[in-house]
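Report on the following structure.
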Amino acid sequence: MLSGQIGKKGFFIATLITFWYSSNIGVLLLNKLLLSNYGFKFPIFLTMCHMTACAVLSYVSIVFLKIAPFQRIKSRSQFLRITTLSIVFCGSVVGGNISLRYLPVSFNQAVGATTPFFTALFAYLMTRKQEAWATYGCLVPVVTGVIIASGGEPSFHLYGFIMCIGATAARAFKSVLQGVLLSSEGEKLNSMNLLLYMSPIAVVVLLPAALVMEPNVIDITTTLAVEHRYLGLLILVNSAMAYGANLLNFLVTKHTSALTLQVLGNAKGAVAVVISILIFQNPVTFIGIAGYTMTVMGVVAYGESKRRHK
């Protein structure tokens with residue numbers, strides 16, 4: 001009986017992880033497909049579609065499906081803090097989507113792997129939190145690997161690279177800022193409730209930004225949807241998968257641990273790189289692969305060093 005329950009739990013977790021990989025990698029590849037094909041060149045509008053789906057589906061999941069307990073905002077101060085986080089979150093997602101217009105997924109993931117470097121930097125600057133010197137030493141190959149990969153990237157694009165670095169830094173900044181702004185026990189929100197509140201704020205921020213910075217986006221997207229009959233469906237599926245990736249992040253952490261999610265995240269980047277190269281056939285070099293491998297090994301060593309020196 002006990003072995004049967006363990007087997008069922010193992011199967012459930014394995015299924016969760018499979019869907020987690022599929023949703024995270026699927027969103028990334030669909031973003032690239034949409035922004036590089038069909039004449040659809042609107043990363044801000046695409047991000048707004050993602051946030052709209054997250055707002056609606058988060059509400060349904062929490063209020064009706066009870067996937068996570070509903071947590072109310074308790075003060076105006078807490079709302080302003082969530083708004084700040086939402087704006088930073090918008091910047092990171094938009095920057096990442098803009099970079100996908102100009103960079104191959106493989107190089108995008110290589111740059112994105114430097115998140116721990118920026119997290120450690122912002123943690124020190126904002127909270128004076130220090131790690132062991134050995135832990136900081138692990139960040140050297142993280143940065144060096146990206147420098148090497150940049151030099152060996154046949155499809156290198158400076159603007160795309162700047163956007164990708166900016167998005168990676170913003171992602172790390174948001175992580176540290178979240179720990180600072182929502183540090184008191186009474187104001188902490190689980191990731192699903194945080195998404196529930198951040199998503200509508202993000203839509204309010206992104207809608208005018210899309211209309212101003214991507215003029216005629218509605219008209220052009222409607223025209224493209226008529227020319228390419230699957231475009232509308234792809235945007236819809238892509239937006240739903242963006243929410244699914246967040247939901248599965250929450251569920252995998254809930255049923256395993258944050259450490260498991262970190263390990264899976266390291267492997268996810270490598271899997272995404274391989275799949276994207278197979279699908280998009282972008283040229284790669286030995287130097288580029290070597291640089292990315294060095295970065296990933298540095299990230300793994302950094303995570304292990306942090307765990308040991310806790």
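Glycine residues also receive a Cβ, built from the backbone N, Cα and C atoms like all the rest.
Database features, via TrEMBL:
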type	residues	note
TRANSMEM	12-30	transmembrane segment
DOMAIN	13-302	domain 'Sugar phosphate transporter'
TRANSMEM	42-67	transmembrane segment
TRANSMEM	79-100	transmembrane segment
TRANSMEM	106-126	transmembrane segment
TRANSMEM	133-150	transmembrane segment
TRANSMEM	156-173	transmembrane segment
TRANSMEM	194-213	transmembrane segment
TRANSMEM	233-252	transmembrane segment
TRANSMEM	259-280	transmembrane segment
TRANSMEM	286-303	transmembrane segment
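Remark: the transmembrane segment (133-150) contacts the transmembrane segment (286-303), by the rule of 3 or more CB pairs under 8 A. On the 0 to 100 pLDDT scale, the model's mean across the domain 'Sugar phosphate transporter' (13-302) is 92. The transmembrane segment (79-100) shares the most Cβ pairs under 8 Å with 156-173, out of the stretches 42-67, 156-173, 194-213, 233-252, 259-280.
Residues 28, 96, 99-100, 135-136, 139, 142-143, 145-146, 149-150, 153, 155-156, 161, 164-165, 167-169, 171-173, 175-177, 180, 269, 272-273, 276-277, 282, 284, 288, 291-292, 295-296, 299, 302-303 of the same chain lie 6+ residues outside the transmembrane segment (106-126) yet bring a C-beta within less than 8 angstroms of a C-beta in it. Below 8 A, the CB atoms of the transmembrane segment (233-252) and the transmembrane segment (12-30) form 3+ pairs separated by six or more positions in the chain. Taking every recorded stretch in 12-30, 42-67, 194-213 and counting its Cβ pairs under 8 Å to the transmembrane segment (259-280), the highest total belongs to 12-30. Counting Cβ pairs under 8 Å to the transmembrane segment (194-213), the top-ranked stretch among 12-30, 42-67, 156-173 is 42-67. Panel annotation: around the transmembrane segment (12-30), residues 100, 105, 108-109, 234, 237-238, 241-242, 244-245, 248-249, 251-252, 255-256, 264, 268, 271-272, 275-276, 279 of the same chain, lying at least six beyond its termini, place a Cβ under 8 Å from a Cβ of the stretch.
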